[in-house]
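Colleague: Heads up, here are the entries from TrEMBL:
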- 201-211: compositional bias 'Polar residues' (COMPBIAS)
- 266-277: compositional bias 'Basic and acidic residues' (COMPBIAS)
- 45-107: domain 'T-SNARE coiled-coil homology' (DOMAIN)
- 154-228: region 'Disordered' (REGION)
- 241-277: region 'Disordered' (REGION)
Amino acid sequence: MAELQMLLEEEIPAGRRALLDSFTNLERVAEYCESNYVQSADKEQALEETKSYTTQSLASVAYLINTLANNVLQMLDIQASQLRRMESSVNHISQTVDIHKEKVARREIGILTTNKNTSRSHKIIAPANLERPVRYIRKPIDYSVLDDTGHGVKVGGGLSRTNPPTQKPPSPPRAGKGILGYNSPYRTLEPVRPPVVPNDYASSPTRNNAGAGQLPSPVRTATLNHSDGTERTVFLTRCLFTDAPPPQPSADTPSGPDETPSTPKPSEDGHGEEDSKVVEYSDPYAEEDPPWAPRSYMEKVVAVYDYTADKEDELSFQEGAIIYVVKKNEDGWFEGVMNATTGLFPGNYVESIMHYAD
């Protein structure tokens, strides 16, 4: 503070006065140099003297200006420092006021609160009753727990049904067989059943009728899948080859594109008879209808599940029973005849039997 006061009161005014005196002295020196150059006989000496005065005057003026400028800059630095100190003091006062306001506010908030009694205790408390360790008991391994998971062999169980089914149940599993598909490369082909001549060939009047225009029995086709995924078709026929050849069409019968070819004759070397024996097939469900069967029915079905009647108007049957369907209801229940008894049964407990025209 004293340094600033000395600069403001002494050094800076002294520098200004020195500059003003230098201004007056420069005017006098200029007049002297001019008159000396005019009156002097030696012009060159007068010129050199004038140059010397000029250099001295410039140096004096430059020194005075430099001194005054330094004093002014020093004064400005001192004033800037004082301003920073004043700013810091103001900020400190402002923070002090804010702290006081915060204390007052907390005090007012504390008036509206109540004390809470807290009991100090250990965070981890040992249980009063210690649990006894469970003794390890070794259990044998049950290797059949996961038999029903994935593609393993599944054991078929009985079906329980309380309400009328709304959808067709899955096909029942077959004993001794896995759930691999027909196209699976690991499937074993089923043995072909040996052919049996049906009993109705000798008694049926349609078999003995050898009239003109009679056509051979339709051919049944069954498809078997090889283990490599390819399919081969084996034609199974129900026609019975006799010694008499099939009748030839009459001469007056017009031939057209719809003419049915005649049955090929077996070869003389015996291979034809072997082939015909291999492809013969007997359908156990294709026998003639029993006497109690209705004259007209919609479908002939076979039971794939056992069913016990819940009501008086229902049928009870075992797996493999033959039922004649006379009516199909929209709710999935069928009305049929079995063993001369008419009643209702669930439609998803049976499957249709394929009919082949004679």
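Backbone N, Cα and C atoms are what each Cβ position is placed from, and that goes for glycine too.
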Colleague: Reported in the order helix, strand, coil, what are the DSSP residue counts of the domain 'T-SNARE coiled-coil homology' (45-107)?
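Modeller: Reading the DSSP string over the domain 'T-SNARE coiled-coil homology' (45-107) gives 63 helix, 0 strand, 0 coil.
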Colleague: Between 0 and 100, where does the mean pLDDT of the domain 'T-SNARE coiled-coil homology' (45-107) sit?
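Modeller: Value for the domain 'T-SNARE coiled-coil homology' (45-107), mean pLDDT as a whole number: 92.
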